[in-house]
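Below: the structure, in structure tokens.
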């Protein structure tokens, strides 16, 4: 960014940052620590230029005047983290592979397996799950639901188009079997194959708000590398909501660095970061 343009970007004052901290927490359950102040300023700089604003107080006023407006979603899009990749934290997929092999051999395979990627970001997790399910179950026996709070991330997930750098962790076997190489303007990109895309239902969801009642239960819920952004109260609320949609004896998968410490819940740890819902 040119120095002259950078100089025109207003500074985020302490009281303005405090307001955005509180506002974003109430909106998403995500707490922005003081160390994120420069990051917030940088990520909102383009919005300030878009509106030709000279102080963040005016930007805050836009949020206040239009609580259901486009800018609220723009704020979410810019302040949520979307770093992910295919088959992230492989131990979870090794566990799922074993689960699917058992599921395939039992009476359970007569019913549809429902898996929820609860913070799917740009879709890599959901499509990784779908590829693995496709290896073990017929299409009519499984379905992936994928949700996220970022509309930008969901648009990427729905397109299912990824640059080569984004698929660095995708095993060659899955790449050749379940991805299509782009040509002409899409040269260098890959797109997830239609038979995988149609098994993944992508929807918008704020984990802190109400969940659709008609969703019913899922046998497996993935909520990985999201809890690290929540304080204890937000974690408690989200876990409580998720558990309502977790089938009896179903599994909740967290990120390797996450746990349910400090939260009362009807789950038992079966492996590090993998929990099973107990049946009373």
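The backbone N, Cα and C atoms fix where each Cβ goes, glycine too.
Note that the structure is a prediction, hence the values are computed from the model and not measured.
These features come from TrEMBL:
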type    : residues                                 : note
BINDING : 82, 84, 88, 125, 148, 206, 207, 224, 225 : S-adenosyl-L-methionine binding site
DOMAIN  : 5-260                                    : domain 'CheR-type methyltransferase'
Query - binding-site residues: 82, 225 - member with fewest neighbouring CB atoms within 10 Å - result: 82
Query raised in the report: Other than its own, how many Cβ atoms are within 10 Å of the Cβ belonging to residue 207 (S-adenosyl-L-methionine binding site)?
Result: 22
